[in-house]
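Asks: Marked as domain 'Phosphoesterase HXTX' by TrEMBL: 15-90. TrEMBL lists 39-42 with the feature motif 'HXTX 1'. According to TrEMBL, the feature active site, proton donor maps to 39. Marked as active site, proton acceptor by TrEMBL: 125. For 125-128, the entry in TrEMBL reads motif 'HXTX 2'.
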């Protein structure tokens, strides 16, 4: 059986995002993400046979071996692909952890194992809402552009299962790869 899979860093406390999320809820066409499922995606893999999850775990373990726990700050806001035609509203990520290197290394190891994955360039962020239509979000993004919403120590990288339903995605931890 296939499992929809991604590699991520969990966000342990999202309460700092509450004012921003409340403001977003008041805008037509914006669907806020469930705060309990917020994360930083290092690599989206997609559907793979369940027996390949062990191979993904080995790739991630090798990629993060030697990397120490580090502080991550959730700071600032933006939109993909841009503010004039937003599809995703995000909170930014600042850290001394080598997230770009981790993402690239995981990708290289997955490729060597023949496991396909999403090859979009990595941009560290947390998806806080999805957008339908063309609401004007420039003011709200400007208001929160320099806000530090949270800061935490990242203890691990997770391999997650994502199950889609009409109500949205449900994420479940399949493996935890601890940092030193």
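Heads up, the Cβ atoms here are built off N, Cα and C, so glycines get one too.
Quick caveat, the model's predicted, so the values are computed rather than measured.
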Asks: Would you kindly list the residues that approach the motif 'HXTX 1' (39-42) from elsewhere in its chain, counting only those six or more residues past its ends and only Cβ-Cβ distances under 8 Å?
Replies: 6-11, 72, 93, 99, 102-103, 106, 122, 124-126, 157-158, 160, 171
Asks: What is the separation, in Å, between the Cα atoms of residue 39 (active site, proton donor) and residue 125 (active site, proton acceptor)?
Replies: 8
Asks: With DSSP as the reference, give the number of residues of the motif 'HXTX 2' (125-128) in helix, strand and coil.
Replies: 0 helix, 4 strand, 0 coil
Asks: Tell me, how many other CB atoms lie within 10 A of the CB of the residue listed as 'active site, proton donor', whichever protein chain they belong to?
Replies: 17
Asks: Determine the mean pLDDT over the motif 'HXTX 2' (125-128), rounding to the nearest whole number.
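Replies: Result for the motif 'HXTX 2' (125-128): average pLDDT 98.
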Asks: Using a Cβ cut-off under 8 Å and a sequence separation of 6 or more, which residues in the same chain sit near the residue listed as 'active site, proton acceptor'?
Replies: 40, 78, 80, 90, 91, 92, 93
